[in-house]
Every structure is written in C-alpha cells, then in structure tokens.
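Here is the structure we will look at.
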Amino acid sequence: MGRFLLVTLSLLVMAFFLNGANSCCCPQDWLPRNGFCYKVFNDLKTWDDAEMYCRKFKPGCHLASLHSNADAVEFSEYITDYLTGQGHVWIGLRDTKKKYIWEWTDRSRTDFLPWRKDQPDHFNNEEFCVEIVNFTGYLQWNDDSCTALRPFLCQCKY
C-alpha cells in the first residue's frame with residue numbers, strides 16, 4: 001500500500017510540473033501551446049490594426065500562425081469556447097506581393113494551408129489577408145479584404 005501511494009504521489013507531482021512547464025508563463029486567459037501563448041480577441045479590427053494590437057503586448061507578438069492540423073483543431077476548440085460573436089477570425093497570414101505568395105507575420109514557414117474550397121481567390125483583386133472561417137468550425141481558411149473588421153487571434157512567445 002505504501003509503495004502504491006508513493007508511486008501515485010510521484011506521478012501527480014510529475015504531472016503538475018509537466019503541466020506547469022507548458023503554462024507557467026502565459027498570462028491568464030491565454031492558451032499555452034508549442035512554446036507560445038495564444039488569445040482570441042473579440043474586438044473587431046482590420047487585419048493591419050489587429051497585427052498592431054498583437055505587437056503591443058511585447059516584442060515578438062503577432063497575429064497567430066498555424067502549422068499543423070493539430071494546431072487547427074486546438075485553435076478551433078479554443079476559439080469556439082472563447083469567441084463571444086460568430087465572426088471569422090484574422091490570423092497572421094497574408095499575401096503582401098498580391099501574387100498568391102502567402103507569408104506569416106512571424107516569418108515562420110508556410111507549411112500548412114487548409115483553404116476552403118475554391119480559395120484563395122483574391123476576389124475582385126481585393127482579398128489578401130487570411131481569416132479562419134466560422135462556418136467550417138474554424139478549421140478552414142479564406143482570403144478576405146484586409147479592411148474587413150474581424151475578431152483576431154494573437155500569439156506571443158513568453
């Protein structure tokens with residue numbers, strides 16, 4: 001019995017420290033993931049204003065970049081839980097050259113692009129910023145006018 005209690009207690013302590021290692025430095029209400037902290041903001045902003053808002057937290061903060069299906073699923077659940085409205089959500093991807101060359105604001109690799117069907121399309125030659133689409137369960141992306149007002153997802157390295 002004593003050995004079982006010791007093993008159980010050791011496992012609980014280890015789980016506590018492992019969980020703390022991932023979330024110890026994120027501000028309250030931010031989601032810890034992959035060494036970054038993420039937060040969805042319900043304020044409606046243009047893509048540029050959203051990026052500037054994210055940058056105000058500290059150097060290295062940007063609109064979020066997503067790099068895997070696991071990221072997409074995690075953020076889908078997080079956005080669904082914390083977004084008070086039902087709008088699409090800005091992320092940190094855009095086509096600054098307007099030639100279907102998509103780049104993240106944090107300069108990370110563009111290695112995951114779960115576009116909605118028939119997207120991106122640069123509709124009317126006006127859509128160069130990327131949003132996560134609400135009616136896909138926040139799992140697929142669309143290009144939209146950078147001046148549209150949207151909630152947004154920030155990421156910061158803490």
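Residue positions begin at 1 at the first shown residue.
The backbone N, Cα and C atoms fix where each Cβ goes, and this holds for glycine too.
Quick caveat, the model's predicted, so the values are computed rather than measured.
Its Cβ placed at the centre, ASP121 (Ca(2+) binding site) has 13 other Cβ atoms within 10 Å. Residues or ranges marked as Ca(2+) binding site by Swiss-Prot on the basis of similarity to another entry: GLN119, ASP121, GLU127, ASN142, ASP143.
CYS26 (disulfide bond): 17 other CB atoms within 10 A of its CB, across all protein chains. For CYS26-CYS37 (among others), the entry in Swiss-Prot reads disulfide bond.
The disulfide bond annotation in Swiss-Prot covers CYS54-CYS154 (among others), and the record cites sequence analysis as its basis. Long-range Cβ proximity for CYS54 (disulfide bond), meaning a same-chain Cβ under 8 A and a gap of 6 or more residues, is found for CYS61, HIS62, LEU63, GLY92, PHE152, CYS154, GLN155, CYS156.
Feature annotation from Swiss-Prot assigns disulfide bond to CYS129-CYS146 (among others); the stated evidence is sequence analysis. Within the same chain, residues at least 6 positions away in sequence whose Cβ sits under 8 Å from that of CYS146 (disulfide bond) are THR46, TRP47, ASP48, ARG94, PHE128, CYS129. Look at CYS146 (disulfide bond): DSSP puts it in coil.
If you look up Swiss-Prot, you'll see 33-155 marked as domain 'C-type lectin'. As a whole-number mean, the pLDDT of the domain 'C-type lectin' (33-155) in this prediction is 96.
Residues or ranges marked as N-linked glycosylation site by Swiss-Prot: ASN134. The Cβ of ASN134 (N-linked glycosylation site) has 16 other Cβ atoms within 10 Å, all protein chains considered.
As annotated by Swiss-Prot, signal peptide applies to 1-23.
Rounded to a whole number, the C-alpha distance linking CYS37 (disulfide bond) with ASP143 (Ca(2+) binding site) is 25 angstrom. Of the recorded residues, ASN134 (N-linked glycosylation site) and ASN142 (Ca(2+) binding site) place their C-alpha atoms 10 Å from one another.
Sequence-distant contacts (6 or more apart, same chain, Cβ under 8 Å) of GLU127 (Ca(2+) binding site) comprise PRO120, ASP121, ASN142, ASP143, ASP144, SER145. Counting other Cβ atoms within 10 Å of each Cβ, the disulfide-bonded residues CYS37, CYS129, CYS154 show the lowest value at CYS37. Counting residues of the domain 'C-type lectin' (33-155) by DSSP class, helix then strand then coil, yields 29 helix, 39 strand, 55 coil.
The Cβ of GLN119 (Ca(2+) binding site) lies under 8 Å from the Cβ of GLN140, TRP141, ASN142, ASP143, each of which sits 6+ residues away along the same chain.
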